[in-house]
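The feature active site is assigned by Swiss-Prot to E197. Per Swiss-Prot, Zn(2+) binding site is recorded for H196, H200, and the stated evidence type is sequence analysis. The annotation disulfide bond is assigned in Swiss-Prot to C232-C259. Marked as N-linked glycosylation site by Swiss-Prot on the basis of sequence analysis: N51. Here Swiss-Prot flags 217-236 as region 'Disordered'. Residues or ranges marked as signal peptide in Swiss-Prot: 1-17.
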Amino acid sequence: MQVTFTLVAALAGMASAAVAGERGSFGCATHEPTLEHIEISKKLAEEEATNATLFGLAAAATITVPTYFHVVASSQTVANGYITDKMLSDQLAVMNEDFAPHGISFNLVQTTRTINPTWARDGDELAMKRSLRKGDYGALNLYFLRDIGGAFGYCYFPTTASPGSASYIRDGCTILSSTVPGGSSTNYNLGRTVTHEVGHWFGLYHTFQGGCTGSGDSIADTPAQSSPSSGCPVGRDSCPNQPGVDPIHNYMDYSIDSCYEEFTPNQQTRMYSFFNQYRA
């Protein structure tokens, strides 16, 4: 079932700015959401609370995402990013396992393999994606690269993007190839980097977005968090004056892969809201 929600027209236009900003160089390198995109999330939160029954129907629906894997390596060795079919199959299984409780599944349509040392180290992103990208704006393209400048991955939030535009072409997630199941990134090689980044593709922010004050990640059932977690610090409470302890098991924190367990019900609703608004 597909349920589409209409935001104020001006807000839809604001989303075109959502891909602005700088990527970091530690952990997740997804752009910080712009003020305009944060405003869209706040409005969605208001609509979700006001129309709980309608949004509940959306969250009870199912989404099947056409998915394309692009392996971009500097040579035909795993060490240089040429990950195996088994590693990719295991990665897809992790994605489907993590999102299945929320009615979301990923159907792998095609896998491409490219040897290009420049692209394999995240050089000339737009040219690479212009050459490799498949499907429409509702299709998920994952680019597995050998080196992303010290980061594990980055992705792009849903936005208003016309076919052929830079925002449309850049859409998708770039993933460090050594983070897939069986990869060499210690503590981060169970495939949960993809789960985290795809959460961004569905419009979710980090659980520590905004720190201890304000609207945070604009999700009512994720406790406030002042900063990213490291490892799996059970009981960590970085916002002691706010309800709850840090959501260290949430896929949108920075915990190690074995610590990750969940998206919340309100995160599920938000994923459906953004998908139906921009990608359906």
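Here the Cβ of each residue, glycine as well, is placed from N, Cα and C on the backbone.
Known features from Swiss-Prot, placed on the structure.
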{"residue": "N51", "record": "N-linked glycosylation site", "CB count, 10 Å": "13"}
{"residue": "H196", "record": "Zn(2+) binding site", "CB count, 10 Å": "29"}
{"residue": "E197", "record": "active site", "CB count, 10 Å": "24"}
{"residue": "H200", "record": "Zn(2+) binding site", "CB count, 10 Å": "22"}
{"residue": "C232", "record": "disulfide bond", "CB count, 10 Å": "16"}
{"residue": "C259", "record": "disulfide bond", "CB count, 10 Å": "19"}
Secondary structure content of the region 'Disordered' (217-236), with strand meaning DSSP E or B: 0 helix, 0 strand, 20 coil
Spatial separation of E197 (active site) from C259 (disulfide bond) - C-alpha basis, Å: 16
Between the residue listed as 'N-linked glycosylation site' and H200 (Zn(2+) binding site), the C-alpha gap once rounded to whole angstrom: 24
For the region 'Disordered' (217-236), sequence-distant contacts whose Cβ falls under 8 Å of one of its Cβ atoms, 6 or more beyond its ends: 27, 38, 41-42, 44-45, 49, 187, 204-211, 242-248, 250, 252-256, 258-259, 264-267, 270
Nearest recorded site to C232 (disulfide bond) by CA-CA distance, among recorded positions H196, E197, H200: H196
Structural state of N51 (N-linked glycosylation site), classified by DSSP into three states: coil
